[in-house]
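Below you'll find the structure, written out as structure tokens, and then a few comments.
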Amino acid sequence: MTQGSAWSARPKPPRTGRLTAEEWARAGLDLLVTEGRGAVKISRLCAHFGVTKGSFYWHFADFDALMAEIARLYFSQEMDAARGLVTMEEMPPEQRLESMSAMLVESRAWEGEAAIREWARADETVAAAVGDLDQRILGVVHDAFVELVFSERDARIRAGVLVYAGIGFVYGRSALPVPSVAEIHDVLALLVRRDA
């Protein structure tokens, strides 16, 4: 997109002084999610904030340092809280599975996932972080099935089905129908049944 894109038309965040590295990273992450990795440019971020490149270089040695900060921000504990992982780990197992599955239809979350996974295809560090996050999510789902008294094997299989479905949804969501909350509930009902 061009300088006149929807992203650049968004209201600028209120400033009370010098920009922080986190503000740069948040704006970069927002641009990454809305327009893709190629759209993240120092000049676009400077125009967004109404500052010179000197302000950028006050915080970052180069563009790669910004991208590293964007990755750190995306995979931080704060983002885990935003994803609801921290809260979900404390929920009863059936509610945990329901909440995690309902996230499938939340477009903003999946736009971010798709952008990060696309970036991971070209960046080994981001790919490793995506893998770590996938393992964490798999663990949360697996533990829910174990708490529902499924065997280790059955919990692993069921957790894999849900996690792989979620990853598949990231890549196929533009070409396939988005499941309704009721359909997601029906899939969960199948997976928690003892004869499934």
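Numbering starts at 1 and runs along the chain as displayed.
Any Cβ shown, glycine's included, is placed from N, Cα and C.
Over in TrEMBL, the protein carries these features:
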type: DOMAIN; residues: 18-78; note: domain 'HTH tetR-type'
type: DNA_BIND; residues: 41-60; note: DNA-binding region
Helix-strand-coil residue split for the domain 'HTH tetR-type' (18-78), DSSP-based: 47 helix, 0 strand, 14 coil
Within the predicted model, mean pLDDT of the domain 'HTH tetR-type' (18-78): 93
